[in-house]
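A.B. asks: My questions will all concern the structure given below.
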Amino acid sequence: MRRGLGEDVPRTLSAILQHVLPVWLALLALLGASLALAYAPLHGLNGVVSLGIAAMKAILVAVFFMNLRRPDPLLRLAGGASLIWMSFLFALTFADLAARAPETQPQAGQGTGSEPPMRQPF
Amino acid sequence: MSGALREPWRSLRRQREAAAFGTWIFLGSEAMLFAGLILAFAVMRALHPAGFILAGRETEVALGTANTAILLTSSLTMAVAAEAARADLRRATLWGIGLTLALGAAFLAVKGFEWSSDLEKHLFPGEGFALAEPSAHIFFALYWIMTSLHAMHMLGGMGVVAWLGWQAWRGDRPLQSPAFEAAALYWHLVDIVWIVLYPLLYLGGRAP
């Protein structure tokens, strides 16, 4: 039974546990994977991998525990808006950082020519 | 159903949506607060990769990982409590709230051990700081700010959850109240903040 704003919520403890236990197991598996991969030689990609796994964990929590899977457009919009503002924050700051690097950043002058001293950010 | 519905809502469903909406707006401001700090961390890491890798190796990865597992589990128990309250399951609600509080306290206890070990290793920026690299100071300044701000959010969340649990225990607040779900949303956001802090503070510089 699915009505309007996702009122088809579980009514018994076992139904609730069926919903949430697999999410928790997935979260713990991702935690284990992220710890193990942090020690693996991934040639500088360790940071990207660990942040990617963190994003997957955050999505699991938001979708299943914070109920964004329920078809409520208002709440999805409110949650998504924060993400959009944060992406502006990061995109504009890093655009500025990358564009200005050679003149004003601490490593200026130590680089090898005209390459900006920015390295792999993560 | 009766008792939980308040003015001006005509249905519990609308009231629940309004409470969740208001909470999501608040969570947006919380997310921006932490995003500012994480942005500062990301910029400094981009500018000083060597110092940040060096400093990242000094954090207590075992305690940080244990705390991540504890917090993920507390989100599970909080989700169970909120869903059980909505389904009017009193025992499951109270158990969920009790376990959430216990796991929150366990997180803060582990954090306390970790902080004291950090202090013993002179990892607090300032006089006598253990690492020579100047940017390691920045890493640990952000480490202390972010972990203590997060711990304060844990304390705040535990206060709210304990208060709701007390009301549910005494029967002062009907289980259908949207407050349980709103508190759970806040708890999960504090969990998400930690999920992001974990790779930044504990996993950097571990690979050979």
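The backbone N, Cα and C atoms fix where each Cβ goes, glycine too.
Per TrEMBL, domain 'Heme-copper oxidase subunit III family profile' is recorded for B:1-206. The annotation transmembrane segment is assigned in TrEMBL to B:21-41, B:61-82, B:94-113, B:141-164, B:185-205.
How buried are the listed features, and what sits near them?
C.D. replies: For the transmembrane segment (B:21-41), the residues of the chain that approach it from at least six positions outside its boundaries are 142, 145-146, 149-150, 153, 182, 185-186, 189, 193, 196-197, 200, judged by C-beta separation under 8 angstroms.
The list of residues near the transmembrane segment (B:94-113) in space but at least 6 beyond its ends in sequence, with Cβ under 8 angstroms from a Cβ of it, reads 63, 66-67, 70-71, 73-74, 77-78, 80-82, 84, 147, 151, 154-155, 157-158, 161-162, 164-165, 168-169, 187.
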